[in-house]
Structure formats: structure tokens, C-alpha cells
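First up is the structure itself, then whatever we jot down about it.
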Amino acid sequence: YGGMGLDFSYNIAVAEELGNIHCAGIPMAIGVQVGMATPALTRFGSHELKKQFLVPTIAGDFVACLGVSEAGAGSDVANIKTTAVRKGDEYVINGGKMWITSGSQADWMCLLANTSEGPPHRNKSLICLPMDLPGIHVAKKIDKLGMRSSDTAQIFFEDVRVPSRNLIGEEGKGFTYQMLQFQEERLLGVATALTSLETLIQETIAYTGQRKVFGQSVLQNQTVHFRLAELQTEVELLRSLLHRAVALYVEGKDVTKLASMAKLKAGRLAREVTDSCLQFWGGMGFTSEVLVSRFYRDLRLVSIGGGTDETMLSIICKYMEILPSK
């Protein structure tokens, strides 16, 4: 279908390199294409669906987006309300999606919708939805704290008709497919953030090394160089966790727990590194002229997008068998 036939470790290598882009919205947009909207289609989609949607997406001719989150269901995926009702050889879609990355420019959406009245984990399906169909309304581009170069949209569906052949895999398996899809999204996000954090530490070392306060460079203060050493150590530990998870994933193992741990740590470390480094930049760090202030805003999303820290903790607890039953 136009791909190189390589294993997932190559996706991570590319994601780490994309972290060198000093604008997190760009690797995020690419990440949506390769790790959020297409894994389920690649794994479970029909040959016809792959020819129609996957081939042009890999070629870069189509922009893809992922339609999971809703105003009342972000991390709580099971609680989505959008419906796709089967009528003859079509699905009729009603509802809406929120915080959709690339939503205002996408050619198609990997849509998660309720296709039956059954239990919330078995009544959902993934559908390839062309974004030029009648009844699709891109309500607005959302103004955000960070990732400002990336368009994030609110979208409504009003009696949108899509052929039933656009169903990815089996009906009712959408929740399961999406949970698998999330693992690649989370690992890619960790890889991108890792490189950005390393860049920020190096930029801070360079700046504090030449900035003079009270007759010496800021970097000469033990509290500064010790703190930077701690942060670099944390980044290295996160890299080891990421690479272990990826190696197991390539072997076909379930890495949900490790991916959730890596995502949790990446989000918290993103806050810790950006906050500490911005402090060492002083007043300059509070301006829009320097990279540290941009990363401070952009990387805050790591603890929210693709599942919040709290969701990651719940998943980890579930795998440790210590999550209280409802």
C-alpha cells in the first residue's frame, strides 16, 4: 500500500527525529497520520478500504484525523455518544467530535461511533469517514494554549450517510481496535517528547553557561547544574522504558502497561523539565522569543492528549490488579 514494510521500531526512530523540530504541532500532525488514524485500518481494514484511504494517506495526498474524543467523553472513550445506525447498505451518523487534530483540513476521519445498543465496550465500531460528505460541519478551529500551528477542530455530524463497506474490521470491535491503536499513539508521543526535552536541556545549558549573575555564570551554581543532571538522568530512564516497550511490541507482546507507564512519565517529565528550565532562563524564559516558553506551552499536552495521566494510572493499576472494582 505504499509503505516500506518495516517494523514499529522504525516509526519510533522517525518520531525521535521529528522531536528535533522546534514546533511540536508539526510532529503531532504527522503522528496523527502514522500512529493514530491509520493503525487500525492497516491491521483490520479490507483491501478495498486500504486502497481507498490508506494508500493516499501514506503517499501524503490525504490528511487523516482521528474522531474519538467528544465534549462529554475525552479519556472516557466508552462514554461516547456519536451514533452510526445501519440502514440498508449505509450507516447514518449523528453526533459530534471535539479536539480533533487536523480536523479542519482532513480528507477523512477514522471515526469511533456507537453502532448498536449493546454494552459500551462491545457496541462501538471504527469507520472510514470521508470529510466532504453532506451533513459534516466543522464548527470551529479551537484556540489553544500551545500547539498553535496545529488546527484542532470541533465537528458535528447531522444524518451523514456513509457506505457500510467503510467499516474497519468487524462491527462491535471498535473499542478494542481503538485501544490497540492508542498504544502506538502513546509510544510515538513519548518518543517525540523525549527528543524535545533533551533539546531543551541542552539549550538551557548553553544559555545558563553564558548568562552572568553576581559575577559568575548561572550554570556554575550547584543548584542549577545538579538539577540539570537530575533531569538528564530522568530523560535517559524514560528512553530505556520506551525502547523496552517498543522491543516487546515488535515481538507481538501486549505492552499496554509499559506504554501507559511511559506515557505517564513523559507527561510528568515534560512539565518538570520545561518548568525547571524556564526558571533558569529567568525573565527571558517568560517571553515568546525563546524555545523554552514554546515547549512549556506545547508539551503540556503530553499529560492530556491520548489519555490523561489519571487514565494512565488507572490502566497501570488494572494491570497490577489493584484497581478497585466498581
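Using the three backbone atoms N, Cα and C, a Cβ is placed for every residue, glycine included.
Owing to the predicted nature of the structure, the values given are computational and were not obtained by experimental measurement.
Annotation source TrEMBL lists domain 'Acyl-CoA dehydrogenase/oxidase N-terminal' at 1-61. What TrEMBL lists as domain 'Acyl-CoA oxidase/dehydrogenase middle' is 65-160. Per TrEMBL, the feature domain 'Acyl-CoA dehydrogenase/oxidase C-terminal' maps to 172-318.
With DSSP states grouped into helix (H, G, I), strand (E, B) and coil, the domain 'Acyl-CoA dehydrogenase/oxidase C-terminal' (172-318) comes out at 123 helix, 4 strand, 20 coil. Looking just at the domain 'Acyl-CoA dehydrogenase/oxidase N-terminal' (1-61), the mean pLDDT is 96.
Taken through DSSP, the domain 'Acyl-CoA oxidase/dehydrogenase middle' (65-160) splits into 3 helix, 51 strand, 42 coil. Residues in the domain 'Acyl-CoA dehydrogenase/oxidase N-terminal' (1-61) partition by DSSP class (helix H, G, I; strand E, B; coil) as 42 helix, 0 strand, 19 coil.
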